[in-house]
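Encoded as structure tokens, the structure appears first; notes follow it.
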Amino acid sequence: MKLLVVDDSSTMRRIIKNTLSRLGYEDVLEAEHGVEAWEKLDANADTKVLITDWNMPEMNGLDLVKKVRADNRFKEIPIIMITTEGGKAEVITALKAGVNNYIVKPFTPQVLKEKLEVVLGTND
């Protein structure tokens, strides 16, 4: 299963990718910002999950989510936002934009596992 991780921090991308690898997800694409993420998503339409930060240069995560949701190819792709923006207003804004689940940094691998299971419908 192909996943796309978007974060301007190479350290955070590595942490997320390593966590996904331990969970059995090996086909993980990476992008540094929303513009690069859109290009990768456009070229890899078989991507099954998008995991994105909010605050990034060039195109932030919220604008990326809106662009993804506006494209019929990706209307149903599960999106998890992982960000430091943890206020109620931010969560509501993200959910209204089309985010399926929300994780506030810092987070544990267990939280990412559970959120992935929820968006993929594999939770028991």
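Heads up, the Cβ atoms here are built off N, Cα and C, so glycines get one too.
Model, not experiment: these values are computed from the prediction.
The domain 'Response regulatory' annotation in Swiss-Prot covers 2-120. Per Swiss-Prot, the feature Mg(2+) binding site maps to Asp7, Asp8, Asp53, Asn55. The 4-aspartylphosphate annotation in Swiss-Prot covers Asp53.
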Surrounding CB atoms that lie within 10 Å of the CB of Asn55 (Mg(2+) binding site), all protein chains: 13
Of Asp7, Asp8, Asp53 (the binding-site residues), the residue whose Cβ has the fewest other Cβ atoms within 10 Å: Asp8
Across the domain 'Response regulatory' (2-120), average pLDDT on the 0 to 100 scale: 95
Composition by DSSP (helix, strand, coil) of residues within the domain 'Response regulatory' (2-120): 58 helix, 21 strand, 40 coil
